[in-house]
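First the structure, in the form of structure tokens, and then the observations on it.
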Amino acid sequence: MAISAPTPSVHRVAVAGASGRMGHMLIEAIRAADDCRLAGALDLPSSPAIGNDASAFLGHASGVPVTADVREGLSDVDVLIDFTRPEGTLAHLAACRELGVGAVIGTTGFSDAQKAQIAEVARDVPIVMAPNMSVGVNVMLRLLETAAQALASGYDIEVIEAHHRHKVDAPSGTALKMGEVIAEAVGRDLRQCAVYAREGITGERDPSTIGFSTIRGGDIVGDHTVLFAGTGERIEITHRSSSRATYAQGSLRAVRFLAGRSSGLFDMFDVLGLRP
Ligand SMILES: NC(=O)C1=CN([C@@H]2O[C@H](COP(=O)(O)OP(=O)(O)OC[C@H]3O[C@@H](n4cnc5c(N)ncnc54)[C@H](OP(=O)(O)O)[C@@H]3O)[C@@H](O)[C@H]2O)C=CC1
Ligand SMILES: O=C(O)C1=N[C@H](C(=O)O)C[C@H](O)C1
């Protein structure tokens, strides 16, 4: 990890997916932060927000128009925060690489090949990527490691997640990360042991599996429970988000973390000092 430019006092931040649920939350959080300034706002050409002031929804003028021109949107920027879709994030990252702009990636649903492309871009620009930017979820990931090591045999492990009706990927990126952390802690390979659906005559549960259940409905912001079900007892570890503000605040912590870094792929364990 190379150290380059001095840490700027005000971080110039662009937001991709500027009119999405997280885009709005991020623009609001940037406005409230003394050390960050909105410096770019990207959205799809089909978005009705194109050409409007990015903060118009707050009844405020930031002076930053929403644009579909990625290079224009990144022309005066230190870090891009991207909560969009995998194909959008990858297109934005190509421009970040060209322009030397860092990235905070919250988008979920990447394939392994797409994750490898992101790692490749991180050789040239600094990137924080995490399926969940909240402090609580990242602390829960550490708790899960401990619990899974202690409960590796005799306990059936199930990951249950619930999200709003608009979510397009399943299981959530957070649920998958929880599965990965648990699988590693108990010495299994998630690609071999994950069970994503059950229907019909499934047979008895294979104790080496990690099961996933997905609920979609209403305006649920994001709930994750990991169940360790033994004989005569069960442990449930749950995180519930009641506001997207935690994701936005975590993203701004990631922006600050990237200042002065010139390359490397990091996650929220690095940002929050939770790396073992
Ligand atoms: N890491 C974390 O902490 C969190 C991660 N997420 C993840 O962030 C992502 C976005 O979530 P959310 O804000 O709820 O979603 P929304 O659908 O509300 O917002 C997505 C935004 O991205 C735009 N967009 C869609 N496709 C593309 C594309 N191909 N290229 C560029 N822009 C695109 C949308 O434009 P349009 O509306 O015009 O389609 C919209 O502005 C999801 O992957 C979600 O799982 C969400 C919350 C927390
Ligand atoms: O789409 C969402 O809303 C969320 N997505 C992330 C995920 O897939 O884990 C994080 C959070 O749960 C909200």
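Glycine residues also receive a Cβ, built from the backbone N, Cα and C atoms like all the rest.
Look at H163 (active site, proton donor/acceptor): DSSP puts it in a strand. Spatially close to H163 (active site, proton donor/acceptor) yet at least six residues away along the chain are S172, T214, I215, R216, I220, V221, G222, D223, judged by Cβ distances under 8 angstroms. The annotation active site, proton donor/acceptor is assigned in TrEMBL to H163.
Close to K167 (active site, proton donor) in the fold, though at least 6 residues off in sequence, lie R216, each with a CB less than 8 Å from its CB. The active site, proton donor annotation in TrEMBL covers K167.
Annotated NAD(+) binding site per TrEMBL: G17, A18, S19, G20, R21, M22, G106, T107, T108, A130, P131, N132, M133, in sequence order. Annotation for G17 (NAD(+) binding site): same-chain Cβ neighbours under 8 Å, separated by at least 6 residues, are G23, L42, D43, D82, F83, T84, G88.
With a cut-off of 8 Å between CB atoms and residues at least 6 apart in sequence, the same chain places T108, G109, P131, N132 near G173 ((S)-2,3,4,5-tetrahydrodipicolinate binding site), listed in sequence order. According to TrEMBL, the (S)-2,3,4,5-tetrahydrodipicolinate binding site annotation covers H164, G173, T174.
Taken from TrEMBL, the feature domain 'Dihydrodipicolinate reductase N-terminal' applies to 12-133. In the predicted structure, the domain 'Dihydrodipicolinate reductase N-terminal' (12-133) carries a mean pLDDT of 98.
Here TrEMBL flags 136-272 as domain 'Dihydrodipicolinate reductase C-terminal'.
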Under 6 Å from ligand 2 by C-beta, which of these binding-site residues make it: S19, R21, M133? Sequence order, please.
none
Counting only other Cβ atoms and using a 10 Å cut-off, which of the binding-site residues S19, T108, T174 scores lowest?
S19
Filter the candidate list H163, H164, T174 of recorded positions, keeping only entries whose CB is under 6 Å from an atom of ligand 1.
none
Other residues near the (S)-2,3,4,5-tetrahydrodipicolinate site, CB within 8 A of the CB centroid of H164, G173, T174?
T108, P131, N132, E161, H163, K167, D169, S172, A175, G222, H224
